[in-house]
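Working notes, structure below.
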Amino acid sequence: MPATPNNVPEPSRTDPALIRNFCIIAHIDHGKSTLADRMLQLTGVVDQRQMRAQYLDRMDIERERGITIKSQAVRLPWAPTQEPGNTHILNMIDTPGHVDFTYEVSRSLAACEGTVLLVDAAQGIEAQTLANLYLAMENDLKIIPVLNKIDLPAAQPEKFSEELANLIGCDPEDVLKVSAKTGLGVEALLDKVVAEVPAPVGVADAPARAMIFDSVYDSYRGVVTYVRVIDGQLNKRERIRMMSTGATHELLEIGVSSPEMKPADGLGVGEVGYLITGVKDVRQSKVGDTITTLNKGATEALGGYKDPKPMVFSGLYPLDGSDYPELRDALDKLQLNDAALVYEPETSAALGFGFRVGFLGLLHLDVIRERLEREFGLDLIATAPNVVYRVLMEDGSEHTVTNPSEFPEGKISEVYEPVVRATILAPSEFIGSIMELCQTRRGTLLGMDYLSEDRVEIRYTLPLAEIVFDFFDQLKSKTRGYASLDYEPTGEQASSLVKVDILLHGDKVDAFSAITHKDAAYAYGVRLVAKLRELIPRQAFEVPIQAAIGSRVIARETIRAIRKDVLAKCYGGDISRKRKLLEKQKEGKKRMKMVGSVEVPQEAFIAVLSSDDSGGSAKGKK
């Protein structure tokens, strides 16, 4: 039964023994946000009239795509069915489920003592659930296995509870069966959270230490920082210090979100809440950082803090060059809310002024691009995504390349590219086609495990550059949509990579340059010149389109010249007269060819850069 507001313990005065911090781990579309909605309703923190689906997903893109991008934290009062008078406080931390946001997930997990592992009873375990489960196990969290959507006709609760039990090492009977849509079994789940998740452990009179697990930008109040207090206490109007940057701020407001913000006097050990310091830049409150009080503060930060590193780079250019200032302002505003987004201005001879933007992965790229187009009304061209290469020259110098046009000329001794460890889960009948796909993408098989007789987990080492194009789309189409993919960076390897330039009429077009593996360079060149031949309109003179590695041309197509019929006014008559006219035309064409320049229409850029087979598309990565 929902706890009535009169017996709910106040923040800062809650006994840590009554607090339970937990999160929900689930693959996309397995019903995590719906389960969160049911919990909000059952505990009575959201009025029935204000309830809407996916209550915690505030961004339009989150609601439409059904994905959670930013973590949320909600304080839920709950009195277990066995002891109705004893109200506990459950802090539910809603985590992103996507592989691009793994660091955010790991920080959210570090703020919890337990986790609900939610699996769709019709689909079973997917790769991203598995990746987050391993993260939870590394953090020694208590895992509560739950099967969702048991009201579906296609549900197979017995089969999947067996699979879950094998994975975690519990009995199939321990797997709870719920339907987040109808609310069936959710009360039992909340009771189990109270019974099984350990209470937070911390020293109440030690110097205050709190971990930031998320920060969001509010246009009225500045940055709102979500924290979990580990030791000590934070009080209103205290001065605090960020331990990674040493910056100090005053706590203007402190409180809990339930799920709307409720100010309080302070936060004690084990509590999860928010702080407002009036800071205007999210980069000053970094996810994973430790907060302490300015006087008598802690000397040792909590472990696990990392700066998010961009993995994938893409150039973003406005279709209309005059929108450049708007694009800069839009990126500035998005960066307030997304500390992992990095960008710097760049110019392209072909596309004009734009920005080189760094992302955590393909979904991150897609979401940012969609937000720029939707929230700021910008029309953009995005160049094909690139990864970061490290190039060692024979003279010992080293270059970091995030853009093909920066690839150094001259004698190169080694090129290093980032590699990832990919985990693919799929029905066992597709093993052959998955292995074939990974082999063509220069993958190395690490191992293979059967989770049950018809589901298999395949592990590969793959170059990140091979994944950022259309790997996910290909994987889905080869497995009829059943495979799921997860990857994590594992360092770098030396590869024989070359830069392929596209020359139009002898001039390089920087927007079409690409860094590819030596073996794939010829195919890339042939495909691109053939495509450009179709897209570039015919000129009054002949235009060669060439693909070249350095000074060696590897592929060529020619756009034939348009010819005017100069013989139209000659009726019969002398052949030498006709020859004279044709020679004169030929001379003119030759002169034109020497001074002429080729205009590449905007449509050709868009078609080439967003085409599936040249790899500019990240659409399938949802």
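We count from 1, first residue shown onward.
Backbone N, Cα and C atoms are what each Cβ position is placed from, and that goes for glycine too.
Just so it is clear, the model here is predicted, and its values are computed rather than measured.
The annotation GTP binding site is assigned in Swiss-Prot to Asp29, His30, Gly31, Lys32, Ser33, Thr34, Asn148, Lys149, Ile150, Asp151 on the grounds of sequence analysis. Sequence annotations record features per position, and here Swiss-Prot assigns domain 'tr-type G' to 17-201.
The binding-site residues in question are Ser33, Asn148, and the one with the fewest Cβ neighbours inside 10 Å is Ser33. The Cβ neighbour count for Ile150 (GTP binding site), using a 10 Å radius and every protein chain shown, is 23. Over all protein chains present, the Cβ of Gly31 (GTP binding site) has 24 other Cβ atoms lying within 10 Å.
Confidence across the domain 'tr-type G' (17-201), taken as the mean pLDDT and rounded to a whole number, stands at 74.
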